[in-house]
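So the structure is just underneath, and the comments pick up after that.
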Amino acid sequence: MSKLIKGIAASDGVAIAKAYLLVEPDLTFDKNEKVTDVEGEVAKFNSAIEASKVELTKIRNNAEVQLGADKAAIFDAHLLVLDDPELIQPIQDKIKNENANAATALTDVTTQFVTIFESMDNEYMKERAADIRDVSKRVLSHILGVELPNPSMIDESVVIVGNDLTPSDTAQLNKEFVQGFATNIGGRTSHSAIMSRSLEIPAIVGTKSITQEVKQGDMIIVDGLNGDVIVNPTEDELIAYQDKRERYFADKKELQKLRDADTVTVDGVHAELAANIGTPNDLPGVIENGAQGIGLYRTEFLYMGRDQMPTEEEQFEAYKEVLEAMDGKRVVVRTLDIGGDKELSYLNLPEEMNPFLGYRAIRLCLAQQDIFRPQLRALLRASVYGKLNIMFPMVATINEFREAKAILLEEKENLKNEGHDISDDIELGIMVEIPATAALADVFAKEVDFFSIGTNDLIQYTLAADRMSERVSYLYQPYNPSILRLVKQVIEASHKEGKWTGMCGEMAGDETAIPLLLGLGLDEFSMSATSILKARRQINGLSKNEMTELANRAVDCATQEEVIELVNNYVK
């Protein structure tokens, strides 16, 4: 008899294969064992660190090839952990001062760090706790001489089942053999979920108990479309899901026909579908999926996973590569958005009680112009290689925009005096992420060339709900009428001044939100490249006039639930 296990759909698709249980290695040891050869034990620890660096470097290089530089940056962060004296020194001191064995010293110190980071109300710090756990496990395995599971050695078709997949586990998956995976823990924003989407393999996370309910070699089905795992399916279920898998692949193939098609509603209104990227490595997916431009180029990945700032020349080459590849299509580059959930080890940013509302993004750049000016110079120099738009993140006041623009114009003049060619067709815009900015959209619209609505932050700031907090996640409501009204206000303000508005948050590629955004008059929808063709098909089947009527009714609703019901009744 088959068994159904529910989880969170993390990556689309249907996988059918035997279960491969990722068995946790035995990393037990005697915590109370004292050592007499202290120097030898420190050397043993140092040797484990060096061996871990060698392994992680190989994994990092493989991840860059398979997943792109932005995903590989996770392992750059792991390598930095192994070089962090604030972590390494206390471990060595514990061995020397307490005669602790290397395994005990490592786990005691890293557990303290993990506990501190996990208690912080900060997404970046919580992710760093996971990084430290992953790195600590690898170092411990070398201390104990125990081999960690290596998914890259799998040589038959399987679905991986485990408690969780670490970033290094996921980076070693071979798409040829690993058909999908299912885990006990995790969410849609966990490292493993993000990487599964990059690898385009079906994945389900957060099942709570799958490792207790599946045995090695069980036949299982992973339905990444609905979040279902079927263990030991019946013959009828097997046939049904094989059919569902074939239909899924047929649908993907059918969508490819829309790659070069226009995005136009049934009543003739055009929309622009653009892609979000982190590095030039993301360009193949952008082109394969028929993006009409890049609506968000996150430049912070150029700064992450390294121990010093990128030079102006390094930045220039990265921006030039993207602009040339897009061949005249619009590329919207967001200036450095560091702080909040993204930090740089070499900047030594002050700790803050609430970093999401603190020293970050444009605030940091205006205060530290030695960071800001080289980026602006690199962008201006690259502008002659394509259609460049520049936008500033986290702008709260018109004076911030004016100051940023003044610095850019100053650097433009400097570059011209140095003999550089600069495009005269660069549009300057801002991210609308703060409710105050949306409220003054009419004021901003007189001075900016465009808006890009960053819904991820706009939603959590408007509803005062941390989207990473399970206790208040019910308040993170993309379809709340308050959000729709702010979006409408921003779009109308831009159109009144003859300007345009895009959206680059997750909402832009959401199938429930798309009809509403189309009706509200959104000009550009920027999303993950893999969502573009589905969004194009959806928009090409909608009527702009009908969606305008829908949106007008939606902003008058009282709750998110009413909005969802309204959309479901309109769009069937």
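Any Cβ shown, glycine's included, is placed from N, Cα and C.
The annotation active site, tele-phosphohistidine intermediate is assigned in Swiss-Prot to H191 on the grounds of similarity to another entry.
A coil conformation is recorded for C504 (active site, proton donor) in the three-state DSSP classification, outside any helix or strand. Less than 8 angstroms from the CB of C504 (active site, proton donor) sit N276, G295, L296, V332, M431, S452, I453, G454, S526, M527, each of them six or more residues away in the same chain. Residues annotated as active site, proton donor in Swiss-Prot: C504.
Taking the Cβ of R334 (phosphoenolpyruvate binding site) as reference, residues of its chain lying under 8 Å away and at least six apart in sequence are, in sequence order, L296, Y297, R298, T299, M391, F392, P393, M431, S452. Residues or ranges marked as phosphoenolpyruvate binding site in Swiss-Prot: R298, R334, N456, D457, R467.
With a cut-off of 8 Å between CB atoms and residues at least 6 apart in sequence, the same chain places P393, M394, I453, G454, N456, D457, L458, Y461 near E433 (Mg(2+) binding site), listed in sequence order. The DSSP secondary structure for E433 (Mg(2+) binding site) is coil. Summarising the annotation, Swiss-Prot assigns Mg(2+) binding site to E433, D457 and lists similarity to another entry as the type of evidence.
Under DSSP, D457 (phosphoenolpyruvate binding site) is assigned to a helix (H, G or I) in the three-state scheme.
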